[in-house]
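Asker: Dumping what TrEMBL says about this protein:
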- 109-120: compositional bias 'Basic residues' (COMPBIAS)
- 1-42: region 'Disordered' (REGION)
- 90-130: region 'Disordered' (REGION)
- 139-180: repeat 'WD' (REPEAT)
- 347-381: repeat 'WD' (REPEAT)
- 53-75: transmembrane segment (TRANSMEM)
């Protein structure tokens with residue numbers, strides 16, 4: 001029979017009669033309504049949902065498969081590129097995994113693998129040649145950034161503070177020694193040290209540490225590391241205890257630096273005076289042994305950069321936000337106690353903020369470095385009570401410049417005990433200048449593998465292979481403390 005409504009529709013094969021036999025008539029069934037099952041509606045909904053989800057799901061799976069194919073191809077090409085690096089490129093890319101080798105070669109591979117090893121050795125030798133000739137030694141053992149350091153008055157001990165919350169005291173009998181005795185002091189929990197200074201000679205240290213509620217001062221006595229030739233019982237001594245402490249000394253502000261000096265001017269009795277410079281505008285004066293607060297001064301210059309005290313304990317000078325440097329005098333009474341602290345002079349001449357400063361060993365001069373690109377040497381040995389102003393003795397250009405030719409900023413500064421060499425830092429660069437002329441004596445461009453966080457001169461000579469010499473210590477973010485020789489200064 002033909003399909004209704006289509007005169008040309010072909011007859012289905014199943015309905016065609018076999019050869020020699022008539023086709024059976026197709027029974028015509030009466031029109032009936034199919035009886036729906038109770039679950040047919042739910043099944044239809046499930047089928048509709050499945051059909052709706054199948055297209056995006058299949059698209060997502062197909063897209064993921066394509067992405068995996070492209071990623072696998074990229075990784076294969078990348079791996080091949082790394083594996084086929086030439087020796088010069090491999091030496092220039094120290095971050096590449098050491099186990100990557102050209103395809104088809106094992107650990108005991110042929111000449112190509114040996115060539116890589118040969119070039120690596122040559123690179124190591126080249127790196128060894130770059131060792132700075134003034135670099136004497138490296139003190140290791142810190143597990144985090146070293147934030148500050150200071151020498152004892154006898155130059156036999158070097159104390160450091162580290163972001164790991166530990167004070168370390170190194171015994172320095174010879175700067176070239178292969179090992180050093182170390183005394184470790186754990187600060188109170190939650191204390192993050194920012195500065196350190198020796199108090200009362202070589203037996204006590206004052207540590208500034210930042211905590212959640214503000215900065216604190218801790219004074220530890222009997223902190224000298226045992227001598228190198230000491231007996232074993234000295235290494236079993238009980239750890240030093242806190243003799244005095246002060247909480248929230250500058251509110252919630254942290255301490256930028258500590259500086260200390262013996263009060264030998266006027267009627268001073270030789271006691272150690274310690275100053276703490278906050279990152280705000282205040283500077284506090286402390287008695288090193290008793291911990292008594294002796295006074296407070298304020299720069300009123302928005303924020304401090306650092307502060308220093310003269311070697312005789314008479315003057316305090318601060319480098320702050322403005323171009324002027326304020327100087328205060330500590331006046332001692334007849335009984336050697338501190339009578340008052342008052343401002344006596346102001347150094348004017350820089351055109352921009354002063355970033356660092358230091359006193360000369362004779363306490364009669366101040367050296368300042370400014371953002372204006374100059375170094376100034378000031379004579380403060382004047383009769384200020386007769387309104388005599390401090391005089392600028394020399395104006396020297398900052399000789400250090402970056403790759404763009406801009407003048408660098410000196411962040412730390414210190415002068416050698418003989419007053420001949422001025423050590424300055426900028427980022428990871430350490431530089432030595434002639435204090436008299438400003439001529440560059442030497443430069444270590446990568447003194448540390450990161451920013452230099454502090455420097456300190458040993459107050460007297462230290463043996464270096466038997467020959468006494470002045471030593472500069474530096475610390476940085478690379479968890480290292482380095483010892484440097486002082487460069488020679490020409491007599492001309």
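Each Cβ is built from the backbone N, Cα and C atoms, and glycine gets one as well.
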Asker: Using Cβ atoms and a strict cutoff of less than 8 Å, what residues sit near the repeat 'WD' (139-180) while being 6 or more residues removed from its termini?
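Answerer: Same-chain contacts beyond the flanks: 186-187, 189, 191-198, 201-202, 205, 207, 209, 220, 223-228, 257-258, 260, 450, 453-454, 456-466, 469, 471, 473, 475-483, 485.
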Asker: Please compute the mean pLDDT of the model over the repeat 'WD' (139-180).
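Answerer: Mean model confidence (pLDDT) across the repeat 'WD' (139-180) is 95.
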Asker: For the repeat 'WD' (139-180), jot down how many residues DSSP puts in helix, in strand and in coil.
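Answerer: Across the repeat 'WD' (139-180), DSSP assigns the residues as follows: 0 helix, 19 strand, 23 coil.
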